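Here's what Swiss-Prot has on this protein:
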BINDING   Asp10, Ser11, Tyr42, Gly43, Asn74, Thr75, Thr184, His185  substrate binding site
ACT_SITE  Cys73  active site, proton donor/acceptor
ACT_SITE  Cys183  active site, proton donor/acceptor
Amino acid sequence: MDSRPIGFLDSGVGGLTVVKEMFRQLPEEEVIFIGDQARAPYGPRPAQQIREFTWQMVNFLLTKNVKMIVIACNTATAVAWQEIKEKLDIPVLGVILPGASAAIKSTNSGKVGIIGTPMTVKSDAYRQKIQALSPNTAVVSLACPKFVPIVESNQMSSSLAKKVVYETLSPLVGKLDTLILGCTHYPLLRPIIQNVMGAEVKLIDSGAETVRDISVLLNYFEINHNWQNKHGGHHFYTTASPKGFKEIAEQWLSQEINVERIVL
């Protein structure tokens, strides 16, 4: 048993969708989360800069003595996960492989769509993973650069959100039966995305799928938290306004949290 926390990182608040699923599936585990809101979104940035920012968050989490790191950001996973995984001596998970695997299991038509940030789509990481596992699966990718700013500005239920999602996703409607939400911000827009795509399209939340892998690794390495040892509580950090982060986080997680601002 291991009472150390699990570290989560993201470019902003999107990774909270993974944390929410973590609270549901593994409530005994302690979470330390950092969101780099001051520099979000990561999607339009060059790969080297994304790699640098991701390492800064990783190094911050390491100072908190975490037992595992979850890169709860598709863009950072696509650019930096492999390198970080190879250099650290604790488990490091990304969100792309779990989402790709779930999509393959879900599709009946063999037609899968991926929506993500420009960098995630440019990296081609999802398509490569899917076609390595299932070569006959047809994959179409679409960058959605306007989605993250809508979530980060807490406009998920606005008429603007509905308009942007409809206009962005229209080219995909009727062309697939499974759609990967290839950015951890996107589940916060899930009701609108589902409405645009149609009830028959299965939406894959890569973050939720990742939590299943977290559970497997905790058991494999025997580093689960013991229910009998009460943990020190969850800790949330942002590089921007704690007030803005707290508002979105409490709304999404349905619980009060404490948020600290840090400078990386």
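Every residue gets a Cβ built from N, Cα and C, even glycine.
A map of Swiss-Prot features onto the structure.
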residue : record                 : Cβ contacts under 8 Å, 6 or more apart
Asp10   : substrate binding site : Leu16, Val18, Phe33, Ile34, Gly35, Asp36, Ala72, Cys73, Ala76, Thr184
Ser11   : substrate binding site : Gly35, Asp36, Gln37, Arg39, Ala40, Pro41, Tyr42, Phe53, Cys73, Thr75, Ala76, Val148
Gly43   : substrate binding site : Thr75, Gly116, Thr117, Pro118, Met119, Thr120, Ala143, Pro145, Val148, Cys183
Asn74   : substrate binding site : Val95, Ile96, Gly99, Gly116, Thr117, Thr120, Gly182, Cys183, Thr184, Ser206
His185  : substrate binding site : Gly12, Val13, Gly14, Thr17, Phe147, Val148, Val151, Glu152
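Those residues noted as binding substrate (Asp10, Ser11, Tyr42, Gly43, Asn74, Thr75, Thr184, His185) have their most widely separated CA atoms at a distance of 12 Å. Ranking the active-site residues Cys73, Cys183 by how many Cβ atoms sit within 10 Å of each one's Cβ puts Cys73 at the top. The number of other CB atoms found within 10 A of the CB of Thr184 (substrate binding site), across every protein chain shown, is 34. The substrate site, placed at the center of the C-beta atoms of Asp10, Ser11, Tyr42, Gly43, Asn74, Thr75, Thr184, His185, has further neighbours from the same chain whose C-beta lies within 8 angstroms: Gly12, Gly14, Gly15, Ala40, Pro41, Cys73, Ala76, Thr117, Thr120, Val148, Cys183.
Taking every protein chain shown into account, Tyr42, Thr75 are the binding-site residues, and of these the Cβ with the most other Cβ atoms within 10 Å belongs to Thr75.
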